[in-house]
Amino acid sequence: MAASSAFMAGSHVWVEDPDDAWIDGEVIEVKGDEIKVKCTSNKTIVAKTSSAHPKDTEVPPTGVDDMTKLAYLHEPGVLQNLKCRYDVNEIYTYTGSILIAVNPFQRLPHLYDMQVMKKYKGVALGELSPHPFAVADSAYRQMINESISQAILVSGESGAGKTESTKMLMRYLAYMGGRVDNSEERSVEQKVLESNPVLEAFGNAKTVRNNNSSRFGKFVELQFDQRGRISGAAIRTYLLERSRVCQVSDPERNYHCFYMLCAAPKEEVDKYKLGNPKTFHYLNQSNCIELDAINDSEEYLATRRAMDVVGMSQEEQDAIFRVVAGILHLGNVDFAKGKETDSSQPKDDKSRLHLKTTAELFMCDDKALEESLCKRVFVTRDESIIKALDPDAAALSRDALAKIVYSKLFDWLVEKINVAIGQDMDSKFLIGVLDIYGFESFKTNRCLTGMLCFRHLRELLFL
Ligand SMILES: Nc1ncnc2c1ncn2[C@@H]1O[C@H](COP(=O)(O)OP(=O)(O)OP(=O)(O)O)[C@@H](O)[C@H]1O
């Protein structure tokens, strides 16, 4: 916190700047609760002492590898240190036992090769340069030495690099706990990675910040035996962003799988009665349909291959894509006023056709589906009361159905993947890596309650 009494002419300070967030300079005059600062950028500004912070002039130009070495742990000091390190390609910095990663937005393979992994093996945290391998090594050693399961929490804004960091942690843990006796078999890490395209197709979407943003929290659990060797793994997922299924804001996209299926080979598209993604309400609310770096047709084939690898049969794959297509048709069912007061019915022939197609794809009765959308059943102790819904309420009920069906599909996929990876129910210890997406602020919040619950859960996680 800034202490006004600490500032005098000649003090080095940080003051807020509308362009650069913070700017440093030297105090040339102190007047009451204000200071005049000659900034390093040469401009002179007057700032409130309450919003200024002292500057640590002892910090080396390339920064320090652990923020606890800074004389002042305030926002401008932390940001400046991260920037200095980033400028010399040091993307990792410690704050005690916490590792801060700054996304380099470029491949840095030399940072993660086998030689680097060997270097970090068994070395205490802080002895070598900050690195996810050091964090993973520390977790592994604590698990072995203290016989206690460990968890690593990876958190940050969307696009910050959580998924990449999680992969590094997993790679190192797999290296430490690798099974030497069964080299013919695919490693657990390999199996987890192979399942990624399936999870990404159904749980990732393009957002403003990240073209391949994970819209769910993921807890990857690596299970170990008594001797510290990997004996299994499991993926637990949390808080899939359901609202995205029926509400997409510009310039974002819905989940990748919807666009992939529309870009599938023609016979598949015909089979699921799909077509141009722009004709579906759940996709055309945003103008963003195609992505420069992603070819949806190729991604569709890659997802199918990954589904084969994780052991999903052709029937299962067909059922999955029928559900995906069914959701798109469901979204095109509009409602108009029905004959009775406050009732509703499909708006026109087009809506009736989409409803019928949805029922065919979901393999249910179209009349029953229509009833479930246009009416609500209240169950009391003695009887069931059926209430007709007006068109707005019916549309809400349609969206609620789309969201619940999609999230059930996602949960089913995760279960299937876990069977393929192979869990060890009798494992001795586990190391869990929690990759959970961070706060985001939208112009209009898609789902306020969802966001509130999500934030509450995150608060609990951090306690
Ligand atoms: N250590 C790294 N090395 C190279 N590139 C990276 C690294 N970390 C992140 N990136 C780049 O940034 C992109 C976004 O990173 P990532 O998907 O890991 O973010 P995220 O925090 O998981 O985002 P979200 O919460 O939206 O899923 C990656 O696709 C990759 O291109």
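Positions of Cβ are set from backbone N, Cα and C atoms, glycine also.
Any TrEMBL annotation is an automated prediction that lacks curation.
Copied from TrEMBL, the annotated features are:
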type	residues	note
DOMAIN	8-57	domain 'Myosin N-terminal SH3-like'
DOMAIN	62-463	domain 'Myosin motor'
BINDING	GLY156, GLU157, SER158, GLY159, ALA160, GLY161, LYS162, THR163	ATP binding site
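Known features from TrEMBL, placed on the structure.
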| residue | record | Cβ contacts under 8 Å, 6 or more apart |
| --- | --- | --- |
| GLY159 | ATP binding site | ASN103, THR207, ARG209, ASN210, SER213 |
| GLY161 | ATP binding site | ALA101, VAL102, ASN103 |
| THR163 | ATP binding site | SER214, ASP435 |
Site with most surrounding Cβ atoms, counting all protein chains shown within 10 Å, from the binding-site residues GLU157, ALA160: ALA160
Arithmetic mean of per-residue pLDDT over the domain 'Myosin motor' (62-463): 91
SER158 (ATP binding site): tally of other CB atoms within 10 A of its CB: 16
Cβ-Cβ neighbours of LYS162 (ATP binding site) (radius 10 Å): 25
For GLY156 (ATP binding site), the number of other Cβ atoms found within 10 Å of its own Cβ: 18
